[in-house]
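Peer 1: Dumping the structure here so I can ask a few things about it.
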Amino acid sequence: MKTPVSKLEKFTNDNARVDTAAVQPLPNSRKIYIQGSRADIQVPMREITQSDTATGRGAEKNPPIYVYDTSGPYTDPDTRIDIRHGLPPLREKWIDERGDTEILTGLSSSYSLKRLQDPALTKMRFNLMRPVRHARNGANVTQMHYARRGIITPEMEFIALRENQRRERVADLASNELLNRQHPGQSFGAIIQEWITPEFVRDEVACGRAIIPANINHPETEPMIIGRNFLVKINANIGNSALGSSIQDEVEKMTWAIRWGGDTVMDLSTGKNIHETREWIIRNSPVPIGTVPIYQALEKVDGKAEELTWEIFRDTLIEQAEQGVDYFTIHAGVRLPFIPMTAKRMTGIVSRGGSIMAKWCLAHHQESFLYTHFEDICEIMKAYDVSFSLGDGLRPGSIYDANDEAQFAELKTLGELTEIAWKHDVQVMIEGPGHVPMHLIRENMDLQLKYCHEAPFYTLGPLTTDIAPGYDHITSAIGAAMIGWYGTAMLCYVTPKEHLGLPDKDDVKDGIITYKIAAHAADLAKGHPGAQVRDNALSKARFEFRWNDQFNLSLDPDKAREFHDETLPQEGAKLAHFCSMCGPNFCSMKITQDVRDYAAQQGISETVALQEGMARKANEFIEKGGELYSKQ
């Protein structure tokens, strides 16, 4: 494996390297592929192998556990990764055989052409041009359009297999009653299916309750779905700023995010070379990529919001759609009459996109061009199958401002815009807050379902308190777990650097793991079928002191092993029936196992064994004189 580019070495398309750590399989795991109805539907999953349980009757087999895998080919040792060439175009044949797209002879965006013709960018540019597709004249190429016509696409079948996580392999094993046991959940009206079928995926997309972000110009992406009747997903934000980061850094963050479980990635770059950075990320990403196009549009007018125009924004949308961006955050709900409502707030308008559009509205004293040109935007979206992520530009930036008039006025508008997008068969999800105390979170979910007609909700946290800079991944994960339980379909992660600085690769991992916990906790609370299998497997391994299995089944095997080995580094300690927390004499699980072993030896129940043990101790106390404190 080649060494990553040094921070001191200038990035070029000759020396671009993948992060070595990102291509290592996770411990005791292997990539497997489940074939669908056709040979080119190969759905990736991670198989975690477990060791046997030692019993008095010999070894007891523990089955492998299958988990959702977002890492793409990076963790497949049989795949050669070279980020200079990008990933294989998995969906290219599916897109081509539908016959409703055409290959463009050139780029449609004037800005893209300008960047392509700039010789100064030659060494920085991703140098393998993928063919650029566009819908044939009059065609609509969205997954929603196909679903509404009753078509089950290969993407939909792929998703159904992926969501089921090969659960039938565990469910069919009668010996695995422990693994299959699951507490009933409370789904708050969600339609949770025992098994996900391609027909169910199609129907959820058709009615707008779920989206499949899958731009026809991002054939490298492995299909996934966002909707409250499916597994809760998480998004990772990356991106450079005017003050730091590079293309190499951002590609590393993307590969690191998907390794640990990021279902989608948003490139929020606001610094140099946004266009080139995004191309490298998309060509190497197996997960959907989202952006906020107004950020780049603002750079094109040197940061002067009042100089933005519809024409500049339109060209930016086309530029990014032809690169392969899968969903756009567009703050079309920031309307002129709503801006005065924010005057009474503690923290005003905290959304970057929201503040840009608010400034434009005030400078021109007009409705936002995002709002007035919304149907024009829909025409662009359906020509490439880009999904809307309707931005919450007026989200609360403090607990003080939670659930106020401005926030909910915008939410109603987003519901109106959703209906317009659906008339064009364009897929939509709705962005949500923000900073909200725990007792006000449920209202956000209820009103979103009401105003936005059950379109998927995508929330940033929410942060449940404002007093913990440096720990906002925790303050927000509390709210994320709650709102995920209530029905949010995707959670946008928050890193420990939130409000403080640009996250690095380690911060990305911390944010991902924290939000994987929140999303999984929500799946458990909803009663999502099979959600508890991994918990049960890890608990069984913990009780049986199978330390390596505990590490391998965890969300972060490396950290679990590192913490254990800080005090018990010897390899033999991974076979010990205790850890450094309680030591050998006070381990509750060891004591329970001793009781079970004694009961088995004596041919009695565990209850009787405990009673006999109590009686022996009572006799021992009396025989020693019945003194509360014995003299040495």
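Using the three backbone atoms N, Cα and C, a Cβ is placed for every residue, glycine included.
As annotated in Swiss-Prot:
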- ASN237, MET266, TYR295, HIS331, SER351, ARG352, GLY353, ASP392, GLY393, LEU394, ARG395, GLU431, TYR458: substrate binding site (BINDING)
- HIS435, HIS499: Zn(2+) binding site (BINDING)
- CYS579, CYS582, CYS587: [4Fe-4S] cluster binding site (BINDING)
Peer 1: Look up TYR295 (substrate binding site) in the DSSP assignment and reduce it to helix, strand or coil.
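Peer 2: Where TYR295 (substrate binding site) sits, the three-state DSSP reduction gives helix.
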Peer 1: Specify the count of other C-beta atoms within 10 Å of the C-beta of TYR295 (substrate binding site).
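Peer 2: Cβ-Cβ neighbours of TYR295 (substrate binding site) within 10 Å number 19.
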Peer 1: Here the binding-site residues are GLY353, GLY393; which one has the lowest number of other Cβ atoms no more than 10 Å from its Cβ?
Peer 2: GLY353
Peer 1: I want to check the contact list for TYR458 (substrate binding site): same chain, sequence separation of six or more, C-beta distance under 8 angstroms. What comes out?
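Peer 2: Set apart from TYR458 (substrate binding site) by at least 6 residues yet with Cβ under 8 Å, we have ILE226, ASN235, SER389, MET429, ILE430, GLU431, GLY432, THR488, ALA489, MET490, LEU491, CYS492.
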Peer 1: Three states by DSSP: which one describes GLY353 (substrate binding site)?
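Peer 2: Helix, per DSSP.
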Peer 1: I'm trying to understand the geometry here, so how far is the Cα atom of HIS435 (Zn(2+) binding site) from the Cα atom of ARG395 (substrate binding site), in Å to the nearest whole number?
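Peer 2: So the Cα of ARG395 (substrate binding site) lies 8 Å away from that of HIS435 (Zn(2+) binding site).
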Peer 1: Relative to the Cβ of ASN237 (substrate binding site), which residues of the same chain, six or more apart in sequence, are found under 8 Å away?
Peer 2: VAL265, MET266, LEU268, CYS492, TYR493, PRO503
Peer 1: Return the count of C-beta atoms lying within 10 angstroms of the C-beta of HIS499 (Zn(2+) binding site), excluding that atom itself.
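Peer 2: Result for HIS499 (Zn(2+) binding site): 13 other Cβ atoms within 10 Å.
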Peer 1: Which ones in the same chain are close to ARG395 (substrate binding site), with CB under 8 Å and 6+ residues apart in sequence?
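Peer 2: The list for ARG395 (substrate binding site) reads VAL350, SER351, GLY354, GLN407, GLU431, GLY432, PRO433, GLY434, LEU460, given in order along the sequence.
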Peer 1: Cα-Cα, whole number of Å: TYR295 (substrate binding site) versus HIS499 (Zn(2+) binding site)?
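Peer 2: Counting only the Cα atoms, the answer is 18 Å.
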Peer 1: Round to the nearest Å and give the CA-to-CA distance linking HIS499 (Zn(2+) binding site) with GLY393 (substrate binding site).
Peer 2: 17
